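Working notes, structure below.
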Amino acid sequence: MLRMYRMLVIASFRSRMQHPFNFVFGTLMAAVVNVVEFSLIAVVLSRFGSVQGWSTYEVAYLYGAILLSKTLYRTVASDVHHLEKYLVSGDLDQMLTRPVPVLLALMAQNVTIYVAEFLQSAVMLAISLSVLIGSGQTSWLAVPQTLFVVLCGAIICFAIGLATATAGFWITRIRELQVITEDSARFAAQYPLSLYPKWLRYVLCTAIPVGFANYIPSLYVVRGELGGWILAATALFTAGCLALSMRFWRFGLSRYQSAGS
Amino acid sequence: MISVTNISKTFRVPVPVEGRWAAARALFSRARTDKEAVRDISFTIERGEFVGYIGPNGAGKSTTIKMLTGILHPTRGEVRVAGLSPHKHRTDVARRIGAVFGQRSQLWWDLPVRDSYDILAAMYKVPDRDKRERLARLTELLELDEFLLTPVRKLSLGQRMRADLAAALLHAPDVLFLDEPTIGLDVVAKKRIRTFLQALNRDFGVTVLLTTHDMDDIEQLCRRVMVINRGELAYDGSIEALRERIGLPTTVKVTFGGSFSVPDRWEEPFRLAERGDDYVTLECNRSLISTMEVLRAAGAWGDIADVHMEEPDFEDIIHRIY
(Lines of atoms letter the chains of each structure in order from A and count residues from 1; the text may use other names and numbers.)
(Lines give C-alpha, C1' and ligand atoms only; values in the text may rest on other atoms or scores of the structure.)
Protein backbone atom coordinates (compact mmCIF):
# COMPACT_ATOMS: atom_id res chain seq x y z
CA MET A 1 0.00 0.00 0.00
CA LEU A 2 2.75 2.38 1.01
CA ARG A 3 4.73 1.44 -2.08
CA MET A 4 1.73 2.12 -4.25
CA TYR A 5 1.27 5.49 -2.60
CA ARG A 6 4.92 6.37 -3.08
CA MET A 7 4.82 5.48 -6.73
CA LEU A 8 1.70 7.52 -7.39
CA VAL A 9 3.20 10.48 -5.58
CA ILE A 10 6.33 10.27 -7.71
CA ALA A 11 4.17 10.11 -10.84
CA SER A 12 2.28 13.14 -9.62
CA PHE A 13 5.49 15.07 -9.07
CA ARG A 14 6.82 14.13 -12.45
CA SER A 15 3.58 15.30 -14.05
CA ARG A 16 3.80 18.61 -12.27
CA MET A 17 7.40 19.04 -13.29
CA GLN A 18 6.25 19.01 -16.89
CA HIS A 19 5.13 22.55 -16.18
CA PRO A 20 8.03 23.75 -14.05
CA PHE A 21 7.05 27.39 -14.23
CA ASN A 22 3.59 26.70 -12.79
CA PHE A 23 5.13 24.61 -10.08
CA VAL A 24 7.69 27.16 -8.99
CA PHE A 25 5.34 30.11 -9.38
CA GLY A 26 2.59 28.36 -7.40
CA THR A 27 4.96 27.51 -4.58
CA LEU A 28 6.30 31.06 -4.46
CA MET A 29 2.84 32.62 -4.46
CA ALA A 30 1.73 30.35 -1.63
CA ALA A 31 4.80 31.45 0.32
CA VAL A 32 4.00 35.14 -0.20
CA VAL A 33 0.37 34.68 0.88
CA ASN A 34 1.57 32.95 4.01
CA VAL A 35 4.11 35.56 4.92
CA VAL A 36 1.44 38.25 4.62
CA GLU A 37 -1.03 36.26 6.69
CA PHE A 38 1.60 35.61 9.30
CA SER A 39 2.66 39.24 9.49
CA LEU A 40 -0.94 40.21 10.25
CA ILE A 41 -1.12 37.72 13.08
CA ALA A 42 2.24 38.89 14.39
CA VAL A 43 0.99 42.47 14.47
CA VAL A 44 -2.16 41.48 16.35
CA LEU A 45 -0.19 39.43 18.86
CA SER A 46 2.45 42.10 19.48
CA ARG A 47 -0.27 44.71 20.03
CA PHE A 48 -2.26 42.77 22.55
CA GLY A 49 0.51 40.85 24.20
CA SER A 50 -1.74 38.25 25.67
CA VAL A 51 -5.13 36.85 24.83
CA GLN A 52 -7.38 35.76 27.68
CA GLY A 53 -4.44 34.88 29.84
CA TRP A 54 -2.52 33.22 27.01
CA SER A 55 0.88 34.76 26.40
CA THR A 56 2.14 35.65 22.91
CA TYR A 57 4.31 32.54 22.81
CA GLU A 58 1.49 30.29 23.87
CA VAL A 59 -0.73 31.66 21.11
CA ALA A 60 2.15 31.28 18.66
CA TYR A 61 2.33 27.66 19.78
CA LEU A 62 -1.36 27.12 19.02
CA TYR A 63 -0.95 28.81 15.67
CA GLY A 64 2.17 26.86 14.71
CA ALA A 65 0.69 23.54 15.79
CA ILE A 66 -2.56 23.83 13.83
CA LEU A 67 -0.77 25.16 10.76
CA LEU A 68 1.75 22.33 10.79
CA SER A 69 -1.04 19.78 11.25
CA LYS A 70 -3.02 21.22 8.37
CA THR A 71 0.06 21.37 6.16
CA LEU A 72 0.86 17.74 6.91
CA TYR A 73 -2.69 16.73 6.07
CA ARG A 74 -2.76 18.68 2.83
CA THR A 75 0.61 17.29 1.77
CA VAL A 76 -0.14 13.65 2.50
CA ALA A 77 -3.78 13.67 1.37
CA SER A 78 -3.57 16.21 -1.39
CA ASP A 79 -6.66 15.91 -3.55
CA VAL A 80 -9.05 14.75 -0.85
CA HIS A 81 -9.61 18.47 -0.50
CA HIS A 82 -10.41 18.72 -4.21
CA LEU A 83 -12.86 15.86 -4.51
CA GLU A 84 -15.42 18.25 -5.96
CA LYS A 85 -13.35 18.50 -9.14
CA TYR A 86 -13.48 14.72 -9.58
CA LEU A 87 -17.19 14.55 -8.84
CA VAL A 88 -18.07 17.24 -11.35
CA SER A 89 -15.88 15.88 -14.14
CA GLY A 90 -16.63 12.23 -13.44
CA ASP A 91 -12.91 11.52 -13.16
CA LEU A 92 -13.61 9.44 -10.11
CA ASP A 93 -14.92 6.77 -12.48
CA GLN A 94 -11.54 5.62 -13.64
CA MET A 95 -10.15 5.55 -10.14
CA LEU A 96 -12.94 3.11 -9.37
CA THR A 97 -11.92 0.78 -12.17
CA ARG A 98 -8.44 0.30 -10.72
CA PRO A 99 -7.35 -2.18 -8.09
CA VAL A 100 -6.27 0.60 -5.74
CA PRO A 101 -8.35 2.12 -2.94
CA VAL A 102 -9.93 5.29 -4.27
CA LEU A 103 -8.93 7.25 -1.21
CA LEU A 104 -5.28 6.30 -1.66
CA ALA A 105 -5.35 7.27 -5.32
CA LEU A 106 -6.95 10.58 -4.43
CA MET A 107 -4.37 11.27 -1.76
CA ALA A 108 -1.58 10.80 -4.28
CA GLN A 109 -2.99 13.15 -6.92
CA ASN A 110 -1.43 16.57 -7.50
CA VAL A 111 0.80 16.33 -4.48
CA THR A 112 2.14 19.70 -3.41
CA ILE A 113 4.84 20.43 -0.91
CA TYR A 114 3.83 23.52 1.03
CA VAL A 115 7.34 24.76 1.66
CA ALA A 116 6.30 28.10 3.12
CA GLU A 117 3.74 26.65 5.51
CA PHE A 118 6.14 23.98 6.69
CA LEU A 119 8.90 26.47 7.38
CA GLN A 120 6.65 29.02 8.98
CA SER A 121 4.86 26.62 11.32
CA ALA A 122 8.08 24.83 12.26
CA VAL A 123 9.83 28.12 13.04
CA MET A 124 6.89 29.34 15.14
CA LEU A 125 6.75 26.12 17.10
CA ALA A 126 10.52 26.15 17.62
CA ILE A 127 10.56 29.73 18.86
CA SER A 128 7.59 29.41 21.19
CA LEU A 129 8.82 26.09 22.57
CA SER A 130 12.35 27.37 23.20
CA VAL A 131 11.00 30.40 25.06
CA LEU A 132 8.52 28.36 27.07
CA ILE A 133 11.15 25.76 27.97
CA GLY A 134 13.73 28.46 28.68
CA SER A 135 11.39 30.20 31.10
CA GLY A 136 10.83 26.92 32.88
CA GLN A 137 7.11 26.92 32.14
CA THR A 138 7.48 23.52 30.54
CA SER A 139 10.25 20.95 30.11
CA TRP A 140 12.02 19.50 27.09
CA LEU A 141 9.45 16.72 27.22
CA ALA A 142 7.20 19.17 25.45
CA VAL A 143 9.15 18.56 22.23
CA PRO A 144 8.16 14.92 21.66
CA GLN A 145 4.74 15.73 23.05
CA THR A 146 4.35 18.49 20.49
CA LEU A 147 5.28 16.14 17.68
CA PHE A 148 2.61 13.78 18.94
CA VAL A 149 0.05 16.58 19.18
CA VAL A 150 0.85 17.73 15.65
CA LEU A 151 0.48 14.20 14.34
CA CYS A 152 -2.90 13.75 16.03
CA GLY A 153 -3.86 17.20 14.77
CA ALA A 154 -2.98 16.22 11.21
CA ILE A 155 -5.15 13.14 11.48
CA ILE A 156 -8.02 15.20 12.89
CA CYS A 157 -7.67 17.72 10.06
CA PHE A 158 -7.67 14.80 7.63
CA ALA A 159 -10.79 13.32 9.21
CA ILE A 160 -12.60 16.66 9.02
CA GLY A 161 -11.47 17.17 5.43
CA LEU A 162 -12.49 13.65 4.45
CA ALA A 163 -15.92 13.91 6.04
CA THR A 164 -16.50 17.24 4.34
CA ALA A 165 -15.39 15.88 0.98
CA THR A 166 -17.65 12.86 1.46
CA ALA A 167 -20.65 15.18 1.75
CA GLY A 168 -19.92 15.88 -1.91
CA PHE A 169 -21.39 12.50 -2.84
CA TRP A 170 -24.77 14.00 -2.00
CA ILE A 171 -24.35 17.71 -2.59
CA THR A 172 -21.53 17.71 -5.20
CA ARG A 173 -20.53 21.33 -4.58
CA ILE A 174 -18.54 21.30 -1.36
CA ARG A 175 -16.40 24.41 -1.58
CA GLU A 176 -18.69 26.47 0.66
CA LEU A 177 -18.95 23.71 3.20
CA GLN A 178 -15.16 23.48 3.24
CA VAL A 179 -14.93 27.15 4.07
CA ILE A 180 -16.85 26.44 7.27
CA THR A 181 -15.47 23.08 8.33
CA GLU A 182 -11.88 23.56 7.23
CA ASP A 183 -10.91 27.20 6.76
CA SER A 184 -13.01 28.95 9.41
CA ALA A 185 -12.62 26.21 11.96
CA ARG A 186 -8.86 26.19 11.54
CA PHE A 187 -8.78 29.95 11.76
CA ALA A 188 -10.69 29.76 15.02
CA ALA A 189 -8.24 27.20 16.37
CA GLN A 190 -5.34 29.61 15.86
CA TYR A 191 -6.45 31.32 19.06
CA PRO A 192 -7.32 29.90 22.47
CA LEU A 193 -10.80 28.47 22.46
CA SER A 194 -11.48 30.19 25.77
CA LEU A 195 -11.87 33.31 23.67
CA TYR A 196 -15.14 32.08 22.21
CA PRO A 197 -18.67 31.78 23.54
CA LYS A 198 -19.52 28.50 25.12
CA TRP A 199 -21.60 27.11 22.26
CA LEU A 200 -18.83 27.73 19.76
CA ARG A 201 -16.28 26.11 22.03
CA TYR A 202 -18.59 23.15 22.21
CA VAL A 203 -18.91 22.97 18.43
CA LEU A 204 -15.14 23.17 17.97
CA CYS A 205 -14.64 20.21 20.27
CA THR A 206 -17.39 17.99 18.87
CA ALA A 207 -18.88 18.60 15.44
CA ILE A 208 -15.74 20.15 13.95
CA PRO A 209 -13.22 18.96 16.52
CA VAL A 210 -10.27 21.21 15.70
CA GLY A 211 -10.08 21.94 19.44
CA PHE A 212 -8.51 18.53 19.91
CA ALA A 213 -5.93 19.28 17.23
CA ASN A 214 -4.14 21.89 19.32
CA TYR A 215 -5.99 23.72 22.12
CA ILE A 216 -6.96 20.85 24.40
CA PRO A 217 -3.67 18.92 24.32
CA SER A 218 -1.66 22.13 24.59
CA LEU A 219 -3.44 22.95 27.83
CA TYR A 220 -1.30 20.17 29.23
CA VAL A 221 1.79 20.38 27.03
CA VAL A 222 2.58 24.07 27.48
CA ARG A 223 0.44 25.12 30.44
CA GLY A 224 0.61 22.05 32.63
CA GLU A 225 -3.17 22.01 33.15
CA LEU A 226 -5.42 18.95 33.26
CA GLY A 227 -2.83 16.10 33.26
CA GLY A 228 -0.98 13.63 31.07
CA TRP A 229 -4.13 11.61 30.55
CA ILE A 230 -5.32 14.29 28.15
CA LEU A 231 -2.72 13.15 25.58
CA ALA A 232 -4.05 9.61 25.75
CA ALA A 233 -7.58 10.98 25.49
CA THR A 234 -6.56 13.04 22.44
CA ALA A 235 -5.08 9.95 20.80
CA LEU A 236 -8.25 7.99 21.49
CA PHE A 237 -10.42 10.79 20.21
CA THR A 238 -8.27 11.10 17.07
CA ALA A 239 -8.59 7.39 16.36
CA GLY A 240 -12.35 7.68 16.79
CA CYS A 241 -12.56 10.62 14.36
CA LEU A 242 -10.50 8.76 11.79
CA ALA A 243 -12.60 5.62 12.05
CA LEU A 244 -15.84 7.57 11.79
CA SER A 245 -14.74 9.59 8.78
CA MET A 246 -13.49 6.47 6.98
CA ARG A 247 -16.81 4.76 7.54
CA PHE A 248 -18.62 7.80 6.26
CA TRP A 249 -16.33 7.88 3.23
CA ARG A 250 -17.02 4.26 2.35
CA PHE A 251 -20.73 4.86 2.71
CA GLY A 252 -20.52 7.96 0.54
CA LEU A 253 -18.54 6.16 -2.12
CA SER A 254 -21.23 3.50 -2.36
CA ARG A 255 -23.68 6.31 -3.09
CA TYR A 256 -21.55 7.72 -5.87
CA GLN A 257 -23.78 8.59 -8.82
CA SER A 258 -21.07 9.30 -11.39
CA ALA A 259 -21.48 11.96 -14.04
CA GLY A 260 -23.29 11.47 -17.31
CA SER A 261 -21.01 10.90 -20.25
CA MET B 1 -17.99 -14.67 -17.28
CA ILE B 2 -20.52 -11.93 -16.67
CA SER B 3 -23.89 -12.56 -15.16
CA VAL B 4 -26.42 -9.88 -14.48
CA THR B 5 -29.62 -10.68 -12.62
CA ASN B 6 -32.49 -8.24 -12.49
CA ILE B 7 -30.42 -5.13 -11.96
CA SER B 8 -31.96 -1.70 -11.67
CA LYS B 9 -30.37 1.64 -11.02
CA THR B 10 -32.34 4.53 -9.65
CA PHE B 11 -30.85 7.99 -9.46
CA ARG B 12 -32.24 10.57 -7.12
CA VAL B 13 -32.40 13.82 -9.00
CA PRO B 14 -33.65 17.20 -7.82
CA VAL B 15 -37.08 18.17 -9.04
CA PRO B 16 -36.76 21.23 -11.23
CA VAL B 17 -38.40 24.22 -9.58
CA GLU B 18 -40.52 26.39 -11.81
CA GLY B 19 -42.11 29.77 -11.58
CA ARG B 20 -41.15 32.92 -9.78
CA TRP B 21 -37.80 32.92 -7.95
CA ALA B 22 -37.13 29.46 -9.35
CA ALA B 23 -33.37 29.68 -8.90
CA ALA B 24 -33.59 30.83 -5.31
CA ARG B 25 -36.24 28.28 -4.41
CA ALA B 26 -34.28 25.50 -6.06
CA LEU B 27 -31.53 26.25 -3.58
CA PHE B 28 -33.73 25.26 -0.68
CA SER B 29 -35.82 22.69 -2.40
CA ARG B 30 -35.36 19.23 -0.96
CA ALA B 31 -37.73 17.71 -3.45
CA ARG B 32 -36.16 14.75 -5.19
CA THR B 33 -37.54 12.40 -7.70
CA ASP B 34 -36.39 8.92 -8.57
CA LYS B 35 -35.24 8.42 -12.09
CA GLU B 36 -34.83 4.83 -13.15
CA ALA B 37 -31.92 4.72 -15.56
CA VAL B 38 -31.83 0.94 -15.80
CA ARG B 39 -34.80 -1.26 -15.11
CA ASP B 40 -34.69 -4.94 -14.34
CA ILE B 41 -32.04 -6.05 -16.80
CA SER B 42 -30.71 -9.61 -16.90
CA PHE B 43 -28.21 -11.28 -19.17
CA THR B 44 -25.24 -13.62 -19.17
CA ILE B 45 -22.12 -13.36 -21.24
CA GLU B 46 -19.95 -16.42 -21.69
CA ARG B 47 -16.19 -16.47 -21.87
CA GLY B 48 -14.91 -15.47 -25.29
CA GLU B 49 -18.06 -13.72 -26.49
CA PHE B 50 -17.97 -10.40 -28.31
CA VAL B 51 -21.14 -8.55 -27.45
CA GLY B 52 -22.39 -5.23 -28.72
CA TYR B 53 -24.49 -3.13 -26.40
CA ILE B 54 -26.42 -0.46 -28.20
CA GLY B 55 -29.24 1.97 -27.72
CA PRO B 56 -30.11 5.65 -28.01
CA ASN B 57 -28.47 8.31 -25.86
CA GLY B 58 -29.66 8.21 -22.29
CA ALA B 59 -30.99 4.67 -22.68
CA GLY B 60 -28.85 3.34 -19.85
CA LYS B 61 -25.82 1.94 -21.69
CA SER B 62 -23.20 3.74 -19.68
CA THR B 63 -25.06 3.16 -16.44
CA THR B 64 -25.03 -0.58 -17.12
CA ILE B 65 -21.32 -0.58 -17.95
CA LYS B 66 -20.61 1.42 -14.83
CA MET B 67 -22.43 -1.13 -12.71
CA LEU B 68 -20.49 -3.96 -14.34
CA THR B 69 -17.16 -2.26 -13.71
CA GLY B 70 -17.89 -1.40 -10.08
CA ILE B 71 -18.22 2.36 -10.55
CA LEU B 72 -21.90 2.40 -9.63
CA HIS B 73 -23.72 0.15 -7.23
CA PRO B 74 -26.97 -1.27 -8.56
CA THR B 75 -30.04 -0.19 -6.59
CA ARG B 76 -31.46 -3.69 -6.95
CA GLY B 77 -30.28 -6.94 -8.44
CA GLU B 78 -26.95 -8.63 -8.69
CA VAL B 79 -23.89 -8.42 -10.91
CA ARG B 80 -21.17 -11.06 -11.11
CA VAL B 81 -18.01 -10.62 -13.08
CA ALA B 82 -15.74 -13.66 -13.06
CA GLY B 83 -17.87 -14.91 -10.18
CA LEU B 84 -17.35 -11.83 -8.03
CA SER B 85 -19.56 -8.89 -7.22
CA PRO B 86 -17.93 -5.70 -8.52
CA HIS B 87 -19.23 -3.59 -5.69
CA LYS B 88 -18.41 -5.94 -2.86
CA HIS B 89 -15.02 -6.97 -4.26
CA ARG B 90 -14.23 -3.94 -6.33
CA THR B 91 -10.44 -4.23 -6.34
CA ASP B 92 -10.49 -7.98 -7.04
CA VAL B 93 -12.80 -7.46 -9.98
CA ALA B 94 -10.72 -4.50 -11.15
CA ARG B 95 -7.74 -6.84 -11.53
CA ARG B 96 -9.70 -9.15 -13.82
CA ILE B 97 -11.21 -6.53 -16.11
CA GLY B 98 -10.05 -3.80 -18.42
CA ALA B 99 -12.08 -0.75 -19.24
CA VAL B 100 -11.76 1.88 -21.93
CA PHE B 101 -14.02 4.88 -21.90
CA GLY B 102 -13.72 6.61 -25.25
CA GLN B 103 -14.45 10.01 -23.81
CA ARG B 104 -11.67 10.10 -21.29
CA SER B 105 -8.20 8.72 -21.01
CA GLN B 106 -6.94 6.67 -18.14
CA LEU B 107 -3.34 7.57 -18.86
CA TRP B 108 -1.29 10.18 -17.04
CA TRP B 109 -1.90 13.24 -19.10
CA ASP B 110 1.47 14.90 -18.69
CA LEU B 111 3.69 11.84 -18.73
CA PRO B 112 5.08 9.89 -21.68
CA VAL B 113 2.87 6.96 -22.64
CA ARG B 114 5.45 4.44 -21.46
CA ASP B 115 5.48 5.89 -17.95
CA SER B 116 1.76 5.29 -17.63
CA TYR B 117 2.36 1.65 -18.50
CA ASP B 118 5.02 1.38 -15.80
CA ILE B 119 2.65 2.83 -13.21
CA LEU B 120 -0.24 0.64 -14.30
CA ALA B 121 1.94 -2.47 -14.33
CA ALA B 122 2.92 -1.78 -10.73
CA MET B 123 -0.67 -1.01 -9.80
CA TYR B 124 -1.87 -4.33 -11.18
CA LYS B 125 1.21 -6.12 -9.87
CA VAL B 126 2.23 -7.37 -13.30
CA PRO B 127 5.59 -9.17 -13.06
CA ASP B 128 8.36 -7.46 -14.98
CA ARG B 129 8.79 -10.22 -17.52
CA ASP B 130 5.08 -10.41 -18.33
CA LYS B 131 4.98 -6.66 -18.65
CA ARG B 132 7.80 -6.59 -21.17
CA GLU B 133 6.33 -9.44 -23.21
CA ARG B 134 2.84 -8.00 -23.29
CA LEU B 135 4.01 -4.52 -24.03
CA ALA B 136 6.12 -5.78 -26.91
CA ARG B 137 3.14 -7.61 -28.36
CA LEU B 138 0.76 -4.68 -27.85
CA THR B 139 3.30 -2.28 -29.31
CA GLU B 140 3.47 -4.40 -32.41
CA LEU B 141 -0.29 -4.90 -32.78
CA LEU B 142 -1.25 -1.32 -32.04
CA GLU B 143 1.84 0.31 -33.54
CA LEU B 144 2.62 2.18 -30.39
CA ASP B 145 6.33 2.67 -30.95
CA GLU B 146 5.87 5.92 -32.85
CA PHE B 147 4.60 7.66 -29.72
CA LEU B 148 5.71 5.63 -26.69
CA LEU B 149 7.86 8.51 -25.48
CA THR B 150 5.36 11.28 -26.23
CA PRO B 151 3.36 12.85 -23.41
CA VAL B 152 -0.25 11.71 -23.59
CA ARG B 153 -1.61 15.23 -23.98
CA LYS B 154 0.22 15.54 -27.30
CA LEU B 155 -1.28 12.43 -28.88
CA SER B 156 -3.93 12.51 -31.57
CA LEU B 157 -7.29 11.01 -30.69
CA GLY B 158 -6.55 7.85 -32.63
CA GLN B 159 -3.15 7.43 -31.01
CA ARG B 160 -4.61 8.06 -27.59
CA MET B 161 -7.25 5.43 -28.12
CA ARG B 162 -4.61 2.88 -29.10
CA ALA B 163 -2.53 3.85 -26.09
CA ASP B 164 -5.58 3.51 -23.85
CA LEU B 165 -6.43 0.09 -25.25
CA ALA B 166 -2.92 -1.13 -24.50
CA ALA B 167 -3.20 0.32 -20.99
CA ALA B 168 -6.41 -1.61 -20.40
CA LEU B 169 -4.81 -4.84 -21.56
CA LEU B 170 -1.46 -4.70 -19.83
CA HIS B 171 -2.68 -6.82 -16.93
CA ALA B 172 -4.20 -9.39 -19.33
CA PRO B 173 -7.81 -8.99 -18.18
CA ASP B 174 -10.39 -11.70 -18.87
CA VAL B 175 -13.02 -9.15 -19.79
CA LEU B 176 -12.70 -5.91 -21.67
CA PHE B 177 -15.36 -3.20 -21.41
CA LEU B 178 -15.35 -0.66 -24.18
CA ASP B 179 -17.52 2.42 -24.03
CA GLU B 180 -17.56 4.15 -27.42
CA PRO B 181 -13.99 3.20 -28.39
CA THR B 182 -14.28 4.55 -31.93
CA ILE B 183 -16.02 7.82 -31.15
CA GLY B 184 -14.60 10.73 -33.09
CA LEU B 185 -12.07 8.64 -34.98
CA ASP B 186 -11.53 8.77 -38.73
CA VAL B 187 -12.14 5.79 -40.97
CA VAL B 188 -8.55 4.56 -40.95
CA ALA B 189 -8.21 4.80 -37.20
CA LYS B 190 -11.54 3.04 -36.71
CA LYS B 191 -10.47 0.23 -38.97
CA ARG B 192 -7.22 -0.20 -37.09
CA ILE B 193 -9.01 -0.44 -33.77
CA ARG B 194 -11.52 -2.92 -35.13
CA THR B 195 -8.84 -5.17 -36.58
CA PHE B 196 -7.10 -5.16 -33.27
CA LEU B 197 -10.22 -5.94 -31.26
CA GLN B 198 -11.04 -8.78 -33.60
CA ALA B 199 -7.62 -10.33 -33.12
CA LEU B 200 -7.81 -9.81 -29.38
CA ASN B 201 -11.07 -11.69 -29.13
CA ARG B 202 -10.19 -14.41 -31.61
CA ASP B 203 -6.58 -15.11 -30.68
CA PHE B 204 -6.54 -14.40 -26.98
CA GLY B 205 -10.11 -15.28 -26.07
CA VAL B 206 -10.77 -12.01 -24.29
CA THR B 207 -14.45 -11.47 -23.60
CA VAL B 208 -15.54 -8.08 -24.93
CA LEU B 209 -18.57 -5.95 -24.18
CA LEU B 210 -18.77 -2.95 -26.45
CA THR B 211 -21.08 0.04 -26.55
CA THR B 212 -21.09 2.15 -29.65
CA HIS B 213 -23.11 4.41 -31.87
CA ASP B 214 -21.38 3.11 -34.94
CA MET B 215 -23.37 0.36 -36.64
CA ASP B 216 -20.25 -0.68 -38.55
CA ASP B 217 -18.54 -1.49 -35.25
CA ILE B 218 -21.41 -3.80 -34.43
CA GLU B 219 -21.63 -5.42 -37.86
CA GLN B 220 -17.94 -6.10 -38.13
CA LEU B 221 -17.18 -7.14 -34.59
CA CYS B 222 -20.12 -8.53 -32.70
CA ARG B 223 -21.81 -11.85 -33.03
CA ARG B 224 -24.35 -10.93 -30.43
CA VAL B 225 -26.15 -7.66 -29.85
CA MET B 226 -28.13 -6.35 -26.93
CA VAL B 227 -30.35 -3.34 -27.44
CA ILE B 228 -31.31 -1.21 -24.50
CA ASN B 229 -34.02 1.39 -24.70
CA ARG B 230 -35.41 3.54 -21.91
CA GLY B 231 -33.54 1.48 -19.35
CA GLU B 232 -34.92 -1.86 -20.47
CA LEU B 233 -33.41 -4.63 -22.51
CA ALA B 234 -35.31 -4.53 -25.79
CA TYR B 235 -33.41 -7.13 -27.74
CA ASP B 236 -30.79 -9.76 -27.05
CA GLY B 237 -29.74 -12.02 -29.89
CA SER B 238 -27.65 -12.46 -32.99
CA ILE B 239 -26.83 -9.64 -35.33
CA GLU B 240 -28.54 -11.50 -38.19
CA ALA B 241 -31.83 -11.73 -36.33
CA LEU B 242 -31.64 -8.05 -35.44
CA ARG B 243 -31.07 -7.17 -39.07
CA GLU B 244 -34.10 -9.19 -40.07
CA ARG B 245 -36.11 -7.29 -37.56
CA ILE B 246 -35.03 -3.80 -38.50
CA GLY B 247 -34.25 -4.56 -42.13
CA LEU B 248 -31.83 -2.31 -43.96
CA PRO B 249 -33.15 1.18 -43.37
CA THR B 250 -31.81 3.73 -45.80
CA THR B 251 -32.38 7.42 -46.28
CA VAL B 252 -32.15 8.92 -49.75
CA LYS B 253 -32.08 12.63 -50.36
CA VAL B 254 -33.22 13.50 -53.86
CA THR B 255 -32.63 17.01 -55.20
CA PHE B 256 -34.69 18.10 -58.20
CA GLY B 257 -33.42 20.26 -61.03
CA GLY B 258 -36.67 22.15 -61.56
CA SER B 259 -40.19 22.10 -60.28
CA PHE B 260 -41.50 18.82 -59.00
CA SER B 261 -44.71 17.51 -57.55
CA VAL B 262 -45.16 14.79 -54.99
CA PRO B 263 -48.22 12.64 -55.57
CA ASP B 264 -50.61 11.86 -52.73
CA ARG B 265 -49.89 8.17 -52.83
CA TRP B 266 -47.61 5.68 -54.50
CA GLU B 267 -47.37 1.91 -54.57
CA GLU B 268 -43.73 1.31 -53.72
CA PRO B 269 -42.88 0.68 -50.07
CA PHE B 270 -41.00 3.84 -49.09
CA ARG B 271 -42.06 6.94 -47.27
CA LEU B 272 -41.55 10.67 -47.50
CA ALA B 273 -39.63 11.90 -44.48
CA GLU B 274 -39.08 15.52 -45.41
CA ARG B 275 -39.92 17.88 -48.21
CA GLY B 276 -37.87 20.98 -48.98
CA ASP B 277 -37.95 23.65 -51.68
CA ASP B 278 -35.98 21.64 -54.15
CA TYR B 279 -35.52 18.30 -52.50
CA VAL B 280 -37.25 15.40 -50.75
CA THR B 281 -35.89 12.96 -48.23
CA LEU B 282 -37.15 9.43 -48.63
CA GLU B 283 -36.85 6.49 -46.30
CA CYS B 284 -37.03 2.90 -47.38
CA ASN B 285 -36.13 -0.53 -46.20
CA ARG B 286 -33.70 -2.13 -48.60
CA SER B 287 -34.84 -5.58 -47.67
CA LEU B 288 -38.19 -4.65 -49.25
CA ILE B 289 -37.20 -2.35 -52.08
CA SER B 290 -33.97 -1.46 -53.85
CA THR B 291 -32.73 2.10 -53.90
CA MET B 292 -32.95 2.07 -57.70
CA GLU B 293 -36.67 1.39 -57.55
CA VAL B 294 -37.15 4.26 -55.13
CA LEU B 295 -35.24 6.56 -57.47
CA ARG B 296 -37.25 5.37 -60.43
CA ALA B 297 -40.45 6.24 -58.62
CA ALA B 298 -39.09 9.63 -57.54
CA GLY B 299 -37.94 10.29 -61.09
CA ALA B 300 -41.57 10.49 -62.11
CA TRP B 301 -42.05 13.45 -59.74
CA GLY B 302 -39.58 15.75 -61.50
CA ASP B 303 -36.07 15.97 -62.95
CA ILE B 304 -33.59 14.49 -60.51
CA ALA B 305 -30.46 16.64 -60.30
CA ASP B 306 -28.64 14.98 -57.43
CA VAL B 307 -28.95 11.96 -55.17
CA HIS B 308 -27.44 11.56 -51.76
CA MET B 309 -27.57 8.39 -49.68
CA GLU B 310 -27.39 8.93 -45.99
CA GLU B 311 -26.17 6.66 -43.23
CA PRO B 312 -29.20 5.43 -41.37
CA ASP B 313 -29.58 7.26 -38.11
CA PHE B 314 -29.28 4.38 -35.80
CA GLU B 315 -30.85 6.00 -32.78
CA ASP B 316 -33.82 6.92 -34.85
CA ILE B 317 -34.30 3.34 -35.95
CA ILE B 318 -34.11 1.96 -32.46
CA HIS B 319 -36.61 4.56 -31.32
CA ARG B 320 -39.00 3.67 -34.05
CA ILE B 321 -38.82 -0.05 -33.53
CA TYR B 322 -39.14 -0.23 -29.79
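Any Cβ shown, glycine's included, is placed from N, Cα and C.
If one looks beyond the transmembrane segment (A:21-45) by at least 6 residues along the same chain, the residues whose Cβ comes under 8 Å of a Cβ in the stretch are 51, 56, 59-60, 63, 112-117, 120, 190. Look at TrEMBL and you will find A:21-45 (among others) tagged as transmembrane segment.
The feature transmembrane segment is assigned by TrEMBL to A:123-142 (among others).
For the transmembrane segment (A:148-171), same-chain residues at least 6 beyond its ends with a Cβ under 8 Å from one of its own Cβ atoms are 65-66, 68-70, 72-73, 76-77, 80-81, 83-84, 87, 103, 125, 177-178, 181-182, 185-186, 208-210, 212-214, 217-218, 221, 231, 234-235, 238, 241-242, 244-246, 248-249, 251-253, 255-257. For A:148-171 (among others), the entry in TrEMBL reads transmembrane segment.
Sequence annotations record features per position, and here TrEMBL assigns transmembrane segment to A:199-220 (among others). Same-chain residues lying 6+ beyond the ends of the transmembrane segment (A:199-220) with a Cβ under 8 Å from its Cβ atoms: 58, 61-62, 65-66, 69, 145, 149, 152-153, 156-157, 160, 180-181, 185-186, 188-189, 192-193, 226-228, 230-231, 234, 237-238, 241.
Residues annotated as transmembrane segment in TrEMBL: A:226-249 (among others).
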Long-range environment of the transmembrane segment (A:123-142) - Cβ separation under 8 angstroms, sequence gap at least 6: 57-58, 60-61, 63-65, 67-68, 150, 221-224
